[in-house]
Structure formats: C-alpha cells, structure tokens
Amino acid sequence: MSGNIPPPLGLLAELTHRCPLGCPYCSNPVDLEKRGAELDTATWQRVLREAAGLGVLQLHLSGGEPAARPDLEVIAAAAAEAGLYANLITSGVLLDAARIGALARAGLAHVQLSIQHAEPEAADRIAHFRGGHARKLALAAMVRDAGLALTVNTVLHRGNIDALPEMIGLAEAMGAQRMEVAHTQYHGWALRNRAALMPAREAVEWTRGIVEAERKRLGNAMAIDFVAPDYHATRPKACMGGWGRRFLNISPSGQVLPCHAAETIPGLAFENVRNSSLEDIWYGSDSFNRFRGTDWMPLPCRECDRREIDWGGCRCQALALTGDASRTDPVCGLSPDHALIAAARAEAPQEEYAWRR
Ligand code: SF4
Ligand code: FES
C-alpha cells in the first residue's frame, strides 16, 4: 500500500482554533472551527498512538492557543507515552507555573513561545492583548525553571521589523536556546492584511544582514532560524517539505490535511480521524496523493531541475493568487503568474490592519 511513500516525520496537531490574541498576521483560515466541533481527549490520545505507529517523531501541539484546552496536559502525556517528541507552540498568555510544571511532568519536551515586539506597548498592540508581553516574559522564566527547552518565535512585518535587533536581544535575555525569525507568510487571515503588513524591500534585506551579524555574535549561545519572505524571493520554498512528504496536519475537528490551509482548495475531499486511520489517510487518501510527487506538475515545474527540491512551491498560495491550486507557485520567477508578486509588492501600503478578533 505504501509503495515508495516515506512515513511522515511530523504532525501538527491543532487542538483548537480558539485564541485570546488577535494577531493581524495570523495564518490560520479566515473561517475558524468552533469549540463544539473539537475532538475530545480520548480521540486525541488514540490519534497520537496512531501517529507514533505510523512513524511520526515530532509532534507540534498548536492552535489557536492550545492552552485554551484544559486537557492539554493529558494530551501531552499521551504524546510522551507514545514516544513522540512534543513541542508546544503557544502565545504563553494562558499558562502559569502550575500548568508548565504539569506539562513538564507529563513529558513535554519543548516550548515555542511567540513575541510580537521588544517593547511591551507595541507588542500588546500587535497582539491585541493588554499585558500579554509581560506574561510572556514571565512564562519564559517558568519554562526555564521547569527544565524545558525554549524557542522564541517572532513573525516580522512592517509594524515590528525595525525592532528585530532588540527582539533578538530579548529572546537571548529570555534564555531561549533558539530563535525563529519568520517573515509573514500571507496565508489565511494574513492575506487580507497584506498591504498593511508587507515591509519595504530595503527593510527585508536589512533583516538578512542583522540575522547574519547576530548569529556571529551569539555563536553557540542561541541559534537563529530565518524564514525568508516569499514575496521578495524568486524561487519558492518547499511548502511543508513537499505535499504529503513529511508532515500532516490535523484540524481541531479532526480533518487530516497535508497543510493547514488545504481546506481552501476546492474539489479536494478530506478524511477525518473519527472515521479513518492515519495510516490509511497518509498512504491512500485522494487528498494526500493529489499533489504528491511530480506527476501532477504543470510546466515549467515538470521540466525544472528544482522540481524535487521545492516541489513546485505552495499549492495554497497558487490557489489564493491565481485561483488554481495546480499552477506553479507565483513566487517562482519562472511562473507565468510571477507578475502577481511584483504587483503585490507595488501595492500602496495600507495604514492599519485588521486584527484577528
Ligand atoms: Fe520550483 Fe517549479 Fe519554479 Fe522550478 S519552475 S523553481 S520546480 S516552482
Ligand atoms: Fe498549503 Fe503551502 S500552505 S501547500
């Protein structure tokens, strides 16, 4: 059944779409799933055992804000019992020392904590949550005290890009072993805010130099991962490492997706963990096989020597920008639709964005 399809490496478990923050760069879908549709604890426990059996090594507990679920600790324990390396992706504002301690005892391995800016007032404004920045700093200390590994993540956009050096300094002071500096990806909610979020090209280039200089300064003290912005590139990223190649994503209601935006693609039917096993879905479902490999590719991807490097880029971005998920990602300079990217870059900047809530 599995042929030459490798097993997945990672699972993104979106435990809930509920979130106390309102970040304008949120890449979750515009239409969020409701609390009443969420999978229950026992189903998540079963699904995590199935994931480990399928070969998944890394689990990312995500959302929304996963700590909005009171059973987060039970789910983390199920992950550890199944042998998964569990990472919690959190805004931090709903957690306290008691819950972090319980998560550590449950076997959680790693926390990825977001920051929005280096200055409290600016950070709270972006997150649309008063007092959130201070809670995040407090949480970082709790994570360290609990002996958990910490990554600090920031999403760059026009409203915080100038503060990148200060944010790197803040992550260092928070005791992070790693920082992820990610330019906004214009998916889901973020796409509607594109003209308000997109930084100038000079600012983007400046961030590359800052990251290089800070990597040298920090040495082994803190690693920095840099996610470059698609809209200032001429070759796309291998979104999700290639469709159906390395990752699967489970939505709060149990939909199993090759990426978190896949449900925007018309004509694709998705399976649900309530009705099918992860193994059947990974190897046999139409949705995972639709854009797997290279057979589906149009020109110019089909004859391109990068087709097994970037796998044609992002299907959801191709859909959002061209209306057709099976076209070459317009980020690619070889795409016949690449002018769409230049046009977006040339859009008049908007003053204000729409917050998520
Ligand atoms: Fe990648 Fe397709 Fe562009 Fe080649 S043509 S670089 S495979 S997106
Ligand atoms: Fe769906 Fe990139 S977000 S393939």
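In case you wondered, yes, glycine gets a Cβ from its N, Cα and C as well.
What TrEMBL says about this protein:
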type    : residues            : note
BINDING : CYS19, CYS23, CYS26 : [4Fe-4S] cluster binding site
DOMAIN  : 5-221               : domain 'Radical SAM core'
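Cβ atoms within 8 Å of the centroid of the Cβ atoms of CYS19, CYS23, CYS26 (the [4Fe-4S] cluster site) belong to the same-chain residues LEU21, GLY22, TYR25, ASN28, GLY64, SER91, ALA127, TRP189, ARG356, ARG357, site residues excluded. Within the same chain, residues at least 6 positions away in sequence whose Cβ sits under 8 Å from that of CYS19 ([4Fe-4S] cluster binding site) are CYS26, GLY63, GLY64, GLU65, ALA68, SER91, ARG356, ARG357. Cβ neighbours of CYS23 ([4Fe-4S] cluster binding site) (same chain, under 8 Å, six or more residues apart in sequence): GLN116, ILE126, ALA127, HIS128, VAL155, TRP355, ARG356. In the predicted model, the domain 'Radical SAM core' (5-221) has a mean pLDDT of 96. Residue density at CYS26 ([4Fe-4S] cluster binding site): 23 other Cβ atoms are found within 10 A of its Cβ, drawing on all protein chains shown.
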